[in-house]
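S.K.: Residues or ranges marked as Ca(2+) binding site in TrEMBL: Glu27, Glu38. Marked as transmembrane segment by TrEMBL: 30-53, 65-83, 119-137, 149-166, 178-197, 226-243. Summarising the annotation, TrEMBL assigns Zn(2+) binding site to His84, His225, His229.
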Amino acid sequence: MTFSVPYPSEPLTPAFGPPTSKANFCEEDFVVSAWIAEFVNTLSNLTYVLYAIRGFRRSQHGSHAAKAMYAGLALVGICSALFHGLLKYWSQMFDDTSMIIASATVLHRSMTYGQSKEFSQIFTPTLVALVVIETIYHTVTNEIKVHELAFLILIALVALRTRQLVKQRVSKEQDRRRLRWVIALGAGCMVFGYFLWQLDFRYCAELTQLKRAVGMPWSFVLEFHGWWHVLTAVGAFTFMSLVESLTQERAIVSVNPFSFVARWFHQDEEKQR
């Protein structure tokens, strides 16, 4: 293809030594730089960090629980970038664990809001214990099925609890419908991102052949695991901003309630604050 850079016939020598991670993805390793194993999969994690910064800015006068959610989102971006950049086993465990921690912070905020002190005193240590047990088991065994199941359960619980909070805290049916649409939008991003990831996994050989045919940087669009990062960052931020707004003293519902991709500032929301 015109104005494209061909892939090298052999990968570059890794600057930090050979990979030791058990997991690897379809993107070819060390073809762009000797310092970054999977170039697109690494840089796409900036989306998590950017949305985390956006979250910190909108919650600067909010609770520590709200800030913890966005700290978890930033942690995912940093740990995932380390993993895809280095492909070391320890960085793989950091990446996997950060996903669980970030999801658990959102679940904790949503589940403990409006509950009794006694409930929080039971729920919080129970959730922490389950996260620790799952992390130890996953790190020792590198068994991925339990890890994926734990992550999916956390996401499902957050989605269900968010819908419940909408019913409890939003009185107008018009506003409820709008927020249910936002929930569907966030969940849809995650589901579509997972679909692209599965395409990346199942059709890796065909995608690699196509990527080599078109050359860089055009082939970067076909790095579907990178799109998983982008779409899950959007979905995660959507749910985090929903939970933050619904667990404030006054639930905020605006005409355009939550930023999606291009809009980083909630103009209607800021007017209500």
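Using the three backbone atoms N, Cα and C, a Cβ is placed for every residue, glycine included.
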S.K.: What other residues of this chain sit with their CB within 8 A of the center of the CB atoms of His84, His225, His229, the recorded Zn(2+) site?
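M.R.: Neighbours within 8 Å of the Cβ centroid, excluding His84, His225, His229: Phe25, Glu27, Glu38, Val40, Asn41, Thr42, Ser44, Asn45, Ser80, Glu223, Gly226, Trp228.
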S.K.: Return the residue, from the listed binding-site residues His84, His225, His229, with the maximum count of other C-beta atoms within 10 angstroms of its C-beta.
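M.R.: In terms of Cβ crowding, the pick is His84.
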S.K.: What parts of the chain pack near the transmembrane segment (178-197), using Cβ distances under 8 Å and only residues at least 6 beyond its ends?
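M.R.: Long-range Cβ neighbours of the transmembrane segment (178-197): 155, 159, 162-163, 166, 170, 224-225, 227-232, 234-236, 238-239, 242, 253, 257-258, 260.
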S.K.: 10 Å Cβ neighbour count around Glu27 (Ca(2+) binding site)?
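M.R.: A 10 Å sphere around the Cβ of Glu27 (Ca(2+) binding site) contains 26 other Cβ atoms.
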S.K.: Report the nearest neighbour of Glu38 (Ca(2+) binding site) in space among the binding-site residues His84, His225, His229, comparing Cα positions.
M.R.: His84
S.K.: I'm trying to understand the geometry here, so how far is the Cα atom of Glu27 (Ca(2+) binding site) from the Cα atom of His225 (Zn(2+) binding site), in Å to the nearest whole number?
M.R.: 8
